[in-house]
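A.B. asks: Got a structure for you, written out below as structure tokens; questions coming shortly.
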Amino acid sequence: MDCFEDPSQSSQSLELKCSESVRLVGGSGLCSGSLQIWNQSWTSVCEGALDLRGAEVLCRELDCGAPSFLQGALSPLGQTFHCEGHESALMDCPRSRPKTCSSGPSVNITCSEPVRLVGGSGRCDGILELRHRGDWRRVKSDSTWTLRHTAVACRDLDCGSAVKQKRGDFPESPVWEVLSYCLRSSSLRECIWKEDSTSSKGVELVCSDLLNRPILSLVVTVGVSQVEAQVEAQVEAQAEVQVENQVEVQVEAQVEVQVEVQAVRVQLGSQFLVQCSVKPQFPGGSFQLLSPSGNHTLPAVNHSAHFLFNHTGPAHKGNYTCVYHLQVFGHSFTSESERLELRLGALDSDLIIRVLMILLLKLLYILPLYCKVKRGSRRTDRL
């Protein structure tokens, strides 16, 4: 049994909260680490014993958010837990005999922190809310709340660093109160100390990763291009295993293929266009294109900008990145796109072969007609 202190409203009492069967250890908080189960003692669970549904059940049992990372989930035949996803606890899931690991790799999981910002332009600005015991409530703020506490919330949200905070009044409602001094070293969820409070106080936050990530696309307007991509396959599998004098195995698998564009090969002398765009969030702003031939800046029009390059040459070879700049809330924000590489060169051998095959087929089609016309003209000459 794993217990931790929970300071209550009264300094004369102390509440102990216990997790009877599962815990995550060695992580950054209660919502991440290596999975251990209680079986007369705490033992680690082997890698591959849990799939995504099991991870969702585990995160929910620990009162955390959805799983954001699960190591070793692609071994359906070695699974210990076979969850359907609706269970309230991991040990409620059908399971085969658990394989504990003394030295080998164990299940490593990261659940998102049960924190969110609402009423803003996106996930990294808005009114701070926290989920505890399945209930979303506003976090109460007072004069002791500083930018350091805002930084903890931004970190829990994976939204970068703290930029701005504003304490405000809202309709009276149940709230979660947190210990300010606790936030110096822990997450918001671990610092709740008063659960039966109502208040009109709250705090609006702005984190540094406020802006949506821009999208870079390259289009060849005159000439020929070839996309060079990397294909990644993600497999989600689940299995049901029953042992009763015999082994029955049922495996269901879903394969999701993702294509990640790594580079675009452009023929020398071509004309190409780079488009920088961003999902609508705020009006205005500008796009800066970082390119081998220099940096270029254009204002954002309808949340996009277009950069035209004529007569592709060696100076255009290299990496291209879009950077979105915006002034909002009295601060400057930037967001950077994925990098795309432009490569130069003649067409590849496969494309050349296809072109030659087309020419050959046309020749084979035209040649008999030519011969037929030639024979006809000879007969005419003889007559």
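Glycine is treated like the rest: Cβ placed from N, Cα and C.
Remember, TrEMBL labels are computer predictions, not curated facts.
So TrEMBL says this about it:
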- Cys83-Cys93: disulfide bond (DISULFID)
- 22-112: domain 'SRCR' (DOMAIN)
- 115-208: domain 'SRCR' (DOMAIN)
- 351-371: transmembrane segment (TRANSMEM)
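Can you tell me where each of these features sits in the structure?
C.D. replies: Other C-beta atoms found within 10 angstroms of the C-beta of Cys93 (disulfide bond) number 20, with every protein chain shown included.
Note on the domain 'SRCR' (115-208): mean pLDDT across this stretch is 89.
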A.B. asks: Which ones in the same chain are close to Cys83 (disulfide bond), with CB under 8 Å and 6+ residues apart in sequence?
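C.D. replies: Listed in sequence order, they are Asp51, Arg53, Gly54, Glu56, Val57, Leu90, Cys93, Pro94.
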